[in-house]
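Below is one structure, written out as structure tokens; comments come after it.
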């Protein structure tokens, strides 16, 4: 299988670097100037400085390059995915498309695989998700991710193609569970960042992670997912990494909220839109997701951090 990565952000670049160490790979950039710059310097200095590109990694801004590839990794922000797929439908039709973003579409409430199937129905849709930072992957540090794909035979072939010496993939056919785990951990990371930013302590963070995980499971099971999926890399694993590191943009957004500081609006933070979309879905489905709703209220400035903590602590006592 021949692989191309669409999207020259930090994560897309890191995946392309890792794959190119194994076999020739193509990285597609939206901007010709950006592609020319990367080709010239052999480094994506704008998005992933300090990570030189292997010789086997080709860089282009020509979408026609997809004709030579069987597998396309889509490293495109969740809220821009539908527009991107619609604009390039002809080039993507009939391919194996692997979404590499984590989130819920604000307008539809759909995850990345559902959006793929909705916009390019004749493509094979898969999802690559789990605990990872771009720099770790680019540097060749040990990383394990979840590859969600149905049917499993296609998943096996993709698993073999996309695994590298340092990037180990575990597969599942539970696309719904993998989608929800990867999306909602960003919401919980915002909450955890907020309590650390407000100096409410690591005990509060642990409580939010644990009860946030319960919310992730609640929604996933209501959507027909398997509980073991959420206990794996795409759920618990990603939650653990994202809620404990300032390398996470979602956690850093939470820190800013907790400290009462402004956050750079140019930085993509998938958890903000996901919180709003999920709060709406939970209300429609009659699910209790108080942490998700609280994060939405914080983002929309309907609550202060102090009020949010007070509101969560004063909820009716219940059995765990």
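Placed from the backbone N, Cα and C atoms, the Cβ positions cover glycine too.
Following the DSSP three-state reduction, the secondary structure of residue 185 (active site, proton acceptor) is helix. Spatially close to residue 185 (active site, proton acceptor) yet at least six residues away along the chain are 102, 212, 216, 235, 238, 239, 242, 243, judged by Cβ distances under 8 angstroms. The annotation active site, proton acceptor is assigned in Swiss-Prot to 185.
What Swiss-Prot lists as NADPH binding site is 11, 30, 102, 134, 249, 270, and the listing cites sequence analysis. The Cβ of residue 134 (NADPH binding site) has 10, 11, 13, 14, 48 as same-chain neighbours under 8 Å, each 6 or more residues away in sequence.
In sequence order, 186, 187, 189, 190, 193, 242, 269, 270, 271 constitute the residues six or more apart from residue 250 (sn-glycerol 3-phosphate binding site) in its chain with CB-CB distances below 8 Å. As annotated by Swiss-Prot, sn-glycerol 3-phosphate binding site applies to 102, 130, 132, 185, 238, 248, 249, 250.
Separating the Cα atoms of residue 132 (sn-glycerol 3-phosphate binding site) and residue 249 (NADPH binding site) is a whole-number distance of 13 Å. Comparing local CB density within 10 A for the binding-site residues 238, 270, the maximum falls on 238.
Among 102, 130, 132, 185, 238, 248, 249, 250, the residues given in the record as binding sn-glycerol 3-phosphate, the maximal Cα to Cα distance rounds to 15 Å.
A simple way to gauge crowding: the CB of residue 130 (sn-glycerol 3-phosphate binding site) has 25 other CB atoms within 10 angstroms, across all the protein chains here.
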